[in-house]
Amino acid sequence: MLNSPLSASSTELVISVLSLVLSQGKPLDRAYSQHFSGLQLVPAEQARITIVAGDILRRLNLYCYLADIKPEEMERFGSKLLNVWHLFHGLDLPKMQYALPVDREDYASRLAIAQNQPVLWDGCPQWLDELGQAQLGDNWVQERAALNQAPKRYLRVNELKCSREQLVEKLAGEYVLTQAVEGVSTALEVLSDSALFRTESFKAGWFEQQDAGSQLVAAALDAKPGMRVIDACAGAGGKTLHIAAQMQGKGRLLAMDVEQWKLDKLKERGRRAHAHNVETRLIVGSKTIKRLKLSADRLLLDVPCSGLGVLKRNPDAKWRDTPERLPVLMELQQHILQSYSRMLKVGGILVYATCSILPDENRNQVDAFLGANPNFRLLDDESISPAASGFDGFYLARIERIAE
Ligand SMILES: C[S@@+](CC[C@H](N)C(=O)[O-])C[C@H]1O[C@@H](n2cnc3c(N)ncnc32)[C@H](O)[C@@H]1O
């Protein structure tokens, strides 16, 4: 956390970012880019702003309760919330003009009440707590607490360009301190507050920013040079680029999605990463899938999901989402599994993956699929728990096609 208060201008920026997210429903990353572009903030100050805004969103209900304001009142009462945030973290108050004062007695009695309400203390909305309890039982309490922690920063070394050791050395020369992550051969943890995207290493495509847990997903696919591989929900290509590196640029890697703008972004990232064997294809209907029947040695289905495993990184989602979205997502996940698995060759392996920690989106989906498709068998599966690993939460299942 911080060791000195925010400046008045940074405090105003935090309030403005929060208002955009909470009143206008803007995703946090877009609210940041809208505010930061053109401002030329020094990286350390930008980092402090994102630390505070991220922490407030991770425990929004707690801070709003302590300040006695409603989230939708951020524009009017944000200064009071920011004062409370500083008090809570034992910092002097920021020097804002016209800031609303905090009644210290009221704050102290609210703090004492909140300390005895674990769900509020962990920054969890009621609907999410009920869902987590129902799905994970006793394990939910640890996951709930882990999901309100600040996320660590991780990089994935682009092995098409350099080794992990070479990247550590090059980044050290750019004043970026990193350390290898045990158990994830491509991952580095970033230990300094550096602006990663301004480094020469990034511009030269030596790394991508990617959570260590996420790196385990493409690793499980085990794509080899020369194979035909399909990444059917590729998005902007976080995992596609990792697969391209596994394939050492040899063979055919088809990245598909239903959103063209994401595939365009993927192409741009692919150029920087020297991932020359990636081809993109927009899914325009069931025909796009049918044409690829029995064509893939490896198939990644990184399906749309609730994203409840990555709430540390996207804390705004829990104030926007509702439990009603889950059944809709689950139907889409099952549809993708049933229909896209036809693209796999006999003997080929598919990886079904989510960034969720809910069994209903994970193992239960796999079991339902296998129950209806005897031509496939489960090789193994893994749940990456935020509480146990410190990474974001993911699930992956490796499934083999054993007959046509
Ligand atoms: C979890 S995200 C993928 C993230 C990506 N693999 C990465 O590593 O950056 C899921 C993706 O599925 C896409 N999607 C949604 N519906 C789909 C469908 N019916 N078929 C294929 N992709 C779909 C979304 O546009 C989104 O990009």
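Glycine too: its Cβ is placed from the backbone N, Cα and C atoms.
Lifted from TrEMBL, the feature list:
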| type | residues | note |
| --- | --- | --- |
| ACT_SITE | Cys355 | active site, nucleophile |
| BINDING | Asp257, Asp302 | S-adenosyl-L-methionine binding site |
| DOMAIN | 143-404 | domain 'SAM-dependent MTase RsmB/NOP-type' |
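Locations of recorded TrEMBL features on the structure.
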{"residue": "Asp257", "record": "S-adenosyl-L-methionine binding site", "Cβ contacts under 8 Å, 6 or more apart": "Cys233, Ala234, Gly235, Leu263, Leu266, Thr280, Leu282, Ile283"}
{"residue": "Asp302", "record": "S-adenosyl-L-methionine binding site", "Cβ contacts under 8 Å, 6 or more apart": "Val217, Asp231, Cys233, Ala234, Gly235, Lys239, Val351, Ala353, Thr354"}
{"residue": "Cys355", "record": "active site, nucleophile", "Cβ contacts under 8 Å, 6 or more apart": "Ser214, Cys305, Gly307, Leu308, Gly309, Val310, Asp392, Gly393, Phe394"}
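Classification of Asp302 (S-adenosyl-L-methionine binding site) by DSSP places it within a strand. When averaged over the domain 'SAM-dependent MTase RsmB/NOP-type' (143-404), pLDDT in the model lands at 96.
In the three-state DSSP scheme, Asp257 (S-adenosyl-L-methionine binding site) is classed as strand.
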